[in-house]
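Q: Pasting the feature list from Swiss-Prot:
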DOMAIN    14-46  domain 'LisH'
COILED    90-123  coiled coil
REPEAT    153-192  repeat 'WD 1'
REPEAT    196-244  repeat 'WD 2'
REPEAT    251-292  repeat 'WD 3'
REPEAT    295-334  repeat 'WD 4'
REPEAT    347-395  repeat 'WD 5'
REPEAT    415-454  repeat 'WD 6'
REPEAT    457-492  repeat 'WD 7'
Amino acid sequence: MTNWQQQLPLTDTQKNELDKSVLRYLNWNYKQTVRHEHAQDYESVRHAIVTLSGFLLQESVDRQEFISNNDTSNESMVDIDELLLPKKWNSIVRLQKKIIELEQNTETLVSQIKDLNTQVSELAQFKPTTSNGTSAHNVLKWIPRNLPSCLINVESSVTSVKLHPNLPIVFVATDHGKLYAFDLFNYTIPLASLQSHTKAITSMDVLFTNYTNSSKKNYLVIVTASKDLQIHVFKWVSEECKFQQIRSLLGHEHIVSAVKIWQKNNDVHIASCSRDQTVKIWDFHNGWSLKTFQPHSQWVRSIDVLGDYIISGSHDTTLRLTHWPSGNGLSVGTGHEFPIEKVKFIHFIEDSPEIRFRTPSTDRYKNWGMQYCVSASRDRTIKIWEIPLPTLMAHRAPIPNPTDSNFRCVLTLKGHLSWVRDISIRGQYLFSCADDKSVRCWDLNTGQCLHVWEKLHTGFVNCLDLDVDFDSNVTPRQMMVTGGLDCKSNVFMR
């Protein structure tokens, strides 16, 4: 055996078949081009193919195929595939692409397995106390894995997302004014969809009522705000999987930026803020506007409610605390350099003395029911503030503390590279999303960024949601959902 035969990774039979395939392709190409376009070269090309076959092919039977007249009517040529070589070539390219895709999928699955093994190790350290076998402490310490469990696509950019408090359903609002409900275990098509507004939905909130009066049936309420200056209130009919509109709230004179719905005893109220610089309080049951006040000199971007108090963030870069039943402004926070996109109260949670900001530092704050709040801004920072105690008087509305009416910034979180759009707090973690296309998880105890999800969306990340940890009517689940400008919503589940 010669040296070149040793280098060739083919048996004699395989080499013979390869040579025949090459000659057949040359023969086919000669018949298609030379015979019709270069007739003068017909004989010379055909002679070259015959000569080459005699050189490459040892068996006379194999050579006879090319010595014959190459007529397609020849019976010996009927079962011969002259294009076998280019077909194999194309198949190899497709297989290489498929192999690359499979390798990428394998890397993804290996990463998910590692994340799951880590979660199993963490679960083994805690005693199960919940119905699903997971300790409540561990649920609040959950950090989503690197890749989402499912991906939901809609027709336009996602402006707001909310998880159903009890069921595996996510509600998605879009820039085209559409409202969707998706089953997280079968998300190929929505459970329900509704053109709820004529312009973009800017905000959404949900509440599962908890009436103590047995004559009233509890159900899920969904409130949406829009650029069409309207607020719509819907009931989610679980039996029929549909949105049932209850009423519309009209009164704002410009874009409605945000809405919140909450229940105190058997009373349900809705708060809204607008570019008309006002905040309005509405009675859910009759739709009446109970209170209107103007806490800022510019566009009010965001609000949050805790009992009788509302915190608001504005285009004027400040956040303010207001006692909404009286309309009294109590305190103000200054420190952001650009408009504030989101504000939230930090609720106290029981039996968590090791978590910073989640327990009151004094009995006065404990009796008041709040102490800290958080704001996210276009200046790329997230700030946590201590709220000064107002002057509280029996049977009278609170008034500003004459000696201390300014928020005190106790922690600033830096890491985002663009506007911070939304925030959510669970346990000792704060989750944030921004226009830098990333989602971040921060440790409230240390102020450090623990994890960054950088490739969830191809555009701005507009919103996110997790189950709250302070409502006894809501069992926190290990779930997180995000929505972005790329018309996608990512869902993370344990």
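A Cβ is built for glycine as well, from the same backbone N, Cα and C atoms used for every other residue.
Given the structure is predicted, the values throughout are model-derived calculations rather than measurements.
Describe each of these features in terms of where it is and what it packs against.
A: Using a Cβ-Cβ cut-off under 8 Å and counting only residues 6 or more beyond its ends in the same chain, the repeat 'WD 1' (153-192) has close neighbours at 198-206, 208, 220, 222, 224, 226, 228, 234, 236, 238, 241-243, 459, 462-467, 471, 473-475, 477, 479, 481-489, 491, 493.
The helix, strand and coil residue counts that DSSP assigns across the repeat 'WD 3' (251-292) are 0 helix, 26 strand, 16 coil.
For the repeat 'WD 4' (295-334), the list of distant contacts is 257-258, 260, 262, 264, 269, 271-275, 277-279, 281, 340-345, 347, 369-370, 373, 375, 377, 383, 385, 387-388, 390, 397-401, 405-407, 409: same-chain residues at least six beyond its ends, Cβ to Cβ under 8 Å.
For the repeat 'WD 6' (415-454), the mean pLDDT of the prediction comes to 96.
Distant neighbours of the repeat 'WD 7' (457-492): 130, 134, 136, 139-140, 142, 144-145, 148-163, 165-166, 170, 172, 174, 182, 184, 187, 208, 210, 347-349, 418, 421-422, 424-427, 431-435, 437-439; these residues of the same chain sit at least 6 beyond its ends, with a Cβ under 8 Å from one of its Cβ atoms.
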Q: Could you check whether the repeat 'WD 3' (251-292) and the repeat 'WD 2' (196-244) come into contact, where contact means at least 3 Cβ pairs under 8 Å with the two residues of each pair 6 or more apart in sequence?
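A: The answer is yes, given that the two segments have at least 3 Cβ pairs within the 8 Å cut-off.
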Q: Go through the chain and flag residues at least 6 beyond the ends of the repeat 'WD 6' (415-454) whose CB is under 8 A from any CB in it; none is fine as an answer.
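A: Those are 140-141, 143-144, 146, 338, 341-342, 344, 346-347, 349, 352, 354-358, 374, 376-378, 380-382, 384, 460-469, 476, 480, 482, 484, in sequence order.
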